[in-house]
Amino acid sequence: MIHREKYHHLRIRLASPEQIRSWAERVLPNGEIVGQVTKPYTLHYKTHKPEKDGLFCERIFGPIKSGICACGKYQIIEKYSKFCEQCGVEFVESRVRRYRMGYIKLACPVTHVWYLKRLPSYIANLLAKPLKELESLVYCDLFLARPISKKPILLKLRGLFKYEDQSWREIFPRYFSSRGFEAFQNKEIATGGDAIKKQLSNLDLQGVLDYAYIEWKELVEQKSTGNEWEDRKIQRRKDLLVRRIKLAKQFLQTNIKPEWMVLSLLPVLPPELRPMIELGEGELITSDLNELYRRVIYRNNTLIDFLARSGSTPGGLVVCQIRLVQEAVDGLIDNGIRGQPMKDSHNRPYKSFSDVIEGKEGRFRENLLGKRVDYSGRSVIVVGPFLSLHQCGLPREMAIELFQAFVIRGLIGRHLAPNLRAAKSMIQNKEPIIWKILQEIMQGHPVLLNRAPTLHRLGIQAFQPILIKGRAIRLHPLVCGGFNADFDGDQMAVHIPLSLEAQAEARLLMFSHTNLLSPATGDPVSVPSQDMLLGLYILTIKNHQGIYGNKNHPYKQNNNKIFLNKTPYFSSYDDVIKAYNQKKVRLHSALWLWWGSKLRTITSINREKPIEVQYNSSGISFKIYEHYQLKKNKNEKNFSVYICTTVGRIIFNQQIEEAIQGTLKASLFRNQSLPAITI
């Protein structure tokens, strides 16, 4: 079992054969060592009990029922013994079958298909050989002829040669006899995973690193040849050298040996992670992993028999069986990676180990990263433009369920409910006092919103919850960038931070208005897009006619009366909004707005000529420009300025000013101490 106090992180790396053996092997009180799975059996067809030394063996993985051994004895009866001497099963809890592992001792080394076939191929990069050549070697289509010792021997072949070549059979017919071929193969040639393992074990990683760096440096200093094909060839060689340098450096830094990419011991998962379930009338359903494990054990045992009877087994048959073992292990680890997957009797591909752990429904994302936790909920998100940037709308039904413990404490603390049962009854009846207490609690308690997949830290942010009607979570449209969310049916999870540390972290680090910039690039994240940009464009669109809008229509008719159509004057934002609500002006109608005594915009006022100039008897002048008016006294000083604008632009400018003032107030509020909420 993994305890949180003992383990703080998880590291995934290559395991040595000794480490794999240490995971599975255990010494029983009688001195017997168990852990190796040698039989391809699962459950007995009559008793439905695990077979000894099989894939569900109770001696290896632990008892099916806590305190009961395979022969039916109880721990209470055998209270002075920790295991049953008759069947060898320990008296422990059955949950050990969730983490106790076994192993299969392979009769020949098997190349791990992840490091061979996955791109980039680590084995091909480390050995600096083509992937097709290595594949032919792994699956016994080619043989590696290379002397192990440096002593002179009769036959020394260099490189690779094809097994199907008939000239080989004609030249060396005696070596293809049973014993001659075996002796020749053990000394001079290798194929399958054994050939890969020998090459990897003979690698000097520091030498590979040094020579690759020297060659890469020479290629970098080399000038272009002018031939496009040669330049591409040199670039591919440089890319290969860079990959070799990185790979060799990582192996040296982590103290991992390259030959560990070839398996000699195959781990067997705990039986609870690959269960076999009994249905009605004795019918059994099993995990696909069990069938794949059985195929590996069957073929491995056959190879063991061939090697044990080497005197009567043809060498070609042994080579074919080595290939079958390699393909069986490939199907267990990653079925279908080489093309045609292994299928069952219903022509359905088996679900391999890679299929179990990868993807959205894999072990990591489904069971480890996607656990269900208390004080959390999930619902569809919809747009909430009326919210502030740091707010989110929680449905009443969800909020009362999430904050139920806090509401109960508030009811009992205020003596509104005598006990827990009465408080729950009030919540179920949805009495009005419940919502008042809930609002008070939510004012001082942030919530965390998370949208899967959480690819960076902006995938989970804190918000101030607001009670709303309906069943969907309301979200401000500007925070969708960090979540990569849109309102086409996306769902988000709500979490309640319980501890004071979690609440402090949510307030200081995770609030949405404190995460406006991308932590990776520094670019703004909360930027308007899509319908927001379209709405802002329509709101602030300019009336192209401007002050000339009444030139073609100087009069207007209302209630059979004709009035002079003049551009209206307003002294404040409120007057404009009031006139717009009373439908006296339109959204894009041009109007004059009083702008104080100073022109707060950068303009070419000294070069622009007025359209019209008016003087009165007291010496006050009116200069009318295309976008503004200046009212000056005798000394030519401005004491009144009007600007030409529209209702939409005034609404937009008013919202911007209120947002800036709200930010200033919020910053002043953060510097003050927060009042305590008594419940």
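In case you wondered, yes, glycine gets a Cβ from its N, Cα and C as well.
The structure displayed is predicted, hence computed values, not measured ones.
Pulled from Swiss-Prot:
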- Cys69, Cys71, Cys84, Cys87: Zn(2+) binding site (BINDING)
- Asp486, Asp488, Asp490: Mg(2+) binding site (BINDING)
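If you take the C-beta of Asp488 (Mg(2+) binding site) and look for same-chain residues 6 or more apart in sequence within under 8 angstroms, you find none. The Cβ of Cys71 (Zn(2+) binding site) lies under 8 Å from the Cβ of Cys84, Gln86, Cys87, Val89, each on the same chain and at least six residues away in sequence.
One way to see the shell of the Zn(2+) site is to take the Cβ centroid of Cys69, Cys71, Cys84, Cys87; the remaining same-chain residues with a Cβ within 8 Å of it are Ala70, Gly72, Lys73, Phe83, Gln86, Gly88, Val89. Sparsest Cβ environment among the binding-site residues Cys69, Cys84, Cys87 (other Cβ atoms counted within 10 Å): Cys87. Taking the centroid of the Cβ atoms of Asp486, Asp488, Asp490 as the Mg(2+) site, the other same-chain residues with Cβ within 8 Å of it are Ile381, Ala485, Phe487, Gly489. The Cβ of Asp490 (Mg(2+) binding site) has 17 other Cβ atoms within 10 Å, all protein chains considered. Secondary structure from DSSP puts Cys69 (Zn(2+) binding site) in coil.
Cβ-based neighbour count (10 Å, all protein chains) for Asp486 (Mg(2+) binding site) stands at 13. In the three-state DSSP scheme, Asp486 (Mg(2+) binding site) is classed as coil.
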